[in-house]
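Lifted from TrEMBL, the feature list:
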DOMAIN    147-347  domain 'ABC transmembrane type-1'
TRANSMEM  21-42  transmembrane segment
TRANSMEM  88-111  transmembrane segment
TRANSMEM  123-142  transmembrane segment
TRANSMEM  162-183  transmembrane segment
TRANSMEM  204-231  transmembrane segment
TRANSMEM  281-305  transmembrane segment
TRANSMEM  325-350  transmembrane segment
Amino acid sequence: MRQLWENLLQQWQTKWPFRLALLYLLLLVVLVLVLPALPLPYSPGYLDLNYAFLPPFSESALATQHWLGTDGLGRDILSNLLYGARSAFLISFPVMTVATLFGLLIGVSSGYFGDKGLVMPRYLLLALVVTMAVSCYYGLYIPLQVMEFKLPFTYATQALSALLGLVLLCALLAKILASYTFWKRKVKLPADWLVLRSIEALNTIPRFVLILVLASFMPPSVLLLSLLLVFTLWPTPARLARAEMLKIKELPYFEAARSVGTPPLLLIWRHAIPNLLGPVLVAFTFGLGGLLALESTLSFLNIGLPTTFVSWGRTIAGFRTNTAAWWLVAFPGGLLSITVLAIYTCSHYLTKLFSTKK
């Protein structure tokens, strides 16, 4: 980790495009964090119908403090740009972080254990399968139904309470079955085969098409769309982590640590994860840039997000009702392009850095 920070500091000092891109991203993040404290004249949802499609920097725009103009409903473009940046990072950063961590966990496990390395007793396998099934139903399906049909929140609370009780019951059942010889016998799980087949199944359908199909069955919700994006994004970091893990576990120092009886969890944490951080960080930055563009596309098409959700794509969508309102495309589109370019610039220099270190 210390070496990683030293390498990043070296890039900061020697590569001015990397420094410029990183400064822009940091400034944008700080602006998003202090946004509620900024003295903006209008909120993003305020409708000033007397000044619809007001051009930017005109006399009327300056007089009414709509400096960057308004859209078809009189909403202030400057406020929508700033709050759209917050919305973009609110979805993109947490989603990409969760997808990367989940993919890292799956990929490292697949690469380390392979098809024969993951062994567990039958009672534990049964308990895990039952726990996952009830978790999907009581922890995911029922809360989603509560959100979709706007039912009382007590239904979700009851479902989570039932989930906790069933998990404890599964643990008790596993303890009872552990006393029987049949259930104590160990089985080998083809972890690598299961992960590869799952990745292939998700990659057979284009990601955007898969999101469109699945989003059509869900109510507009930021949380549901975030879960859907995590579901479609985890294969990329998982495949990368698996490939890196297959190389790392063949290295001499890793073989030496394993030969002295180092536990698998400690072996992965101390000797594999530090060497995975570089490639995973590069994949994270590339994915973050793509996710920003994807979020704007979905909001432009009004898919998966509430109508009150402020975003750059939603602002650009107003251009369809008046093609002469160039500022509805120029400002949010330019900001989106610069942000994605800055992220890809950072990712480019990180890729060169880690390829040189290898």
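Yeah, the Cβs are placed from backbone N, Cα and C, and that goes for glycine too.
With a cut-off of 8 Å on Cβ pairs spaced 6 or more residues apart, the transmembrane segment (204-231) and the transmembrane segment (123-142) reach fewer than 3 such pairs and are scored as not touching. Within the chain carrying the transmembrane segment (123-142), a Cβ under 8 angstroms from the stretch's Cβ atoms is held by residues 155-156, 159-160, 162-163, 166-167, 170-171, 173-174, 177-178, 180, 183-184, 187, 189, all 6 or more beyond its ends.
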